[in-house]
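K.L.:
What TrEMBL shows for this protein is this:
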type: TRANSMEM; residues: 35-55; note: transmembrane segment
type: TRANSMEM; residues: 83-105; note: transmembrane segment
type: TRANSMEM; residues: 131-154; note: transmembrane segment
type: TRANSMEM; residues: 166-187; note: transmembrane segment
type: TRANSMEM; residues: 207-224; note: transmembrane segment
Amino acid sequence: MKLGRRLAVEGAGTAWLVFVGCASAALNASAPAQGWNVFDMAAAFGLALAVASYASGRVSSAHFNPAVTIGYAISGRFPARDVAPYVAAQTVGALAGAALLAAVASGRPGFAFVVSDFGSNGYGEHSPSEYTFAAVLVIESIMTFAFVLVHLVVSDSPQRRGSAPAALGACFAAIYLIAIPVSNGGMNPARSTGPALFVGDWALDQLWLFWAAPMLGGMIAGVCHRLMMRRRSYPDASAGGALGDA
């Protein structure tokens, strides 16, 4: 599949993920601040990811997340030369999704980005439950590690790929149930960047952590999966697949 087409699908899928996931909080007039409606937000992100993966898994690699892309590259399942274009496409897609959401949210009387936080991630006083920098660093790294490892495992054999979108959606929703009270649910640098650019101020100041921690988790997952594949000697370890592999 041509790179240009794959990048377009990655961008569109990430835009969909950001729009649907963040809309569950930003468009709810009864939830004025981040951290509210934990189940709704987790379900929205999980379902959005499952739908995007089903719709595009045979065209792109269905990453929609820079941490997933770097994890696949380190595991040897994705070409290193495509990492930067994928991350760029995902980030642009997240910005597009956030821009569309901003246009809709601004139609509500009294809406303000600073008040709603617009689905942005934060630590300290900007964490939904005021968790410290260290706590957010740990939760973002560990939860991303878990998600990327699951992503790698469910796509490493043809038998698992059919159920991969549902498994990934369920996994993402589960880790968001844990992470939303702590960091408002990041685990995806592109997803964190979109809303942060509209909120500005503190959201941009703290954004670096929501790149560093998930990317670290993704890298560790890639290393672990590569070691697992060597030990188990899967026959299709280097074979291209519809979901995950380019």
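Cβ from N, Cα, C; glycine included.
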K.L.:
Can you see whether the transmembrane segment (131-154) and the transmembrane segment (83-105) are touching - at least 3 CB pairs under 8 angstroms, only pairs 6 or more apart in sequence?
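P.N.:
Contact between the transmembrane segment (83-105) and the transmembrane segment (131-154): absent, because fewer than 3 Cβ pairs are under 8 Å.
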K.L.:
The transmembrane segment (207-224): which same-chain residues, six or more beyond its ends, come within Cβ distance under 8 Å?
P.N.:
65-75, 121, 123, 133, 136-137, 140-149, 152, 183, 186-189, 192-193, 196
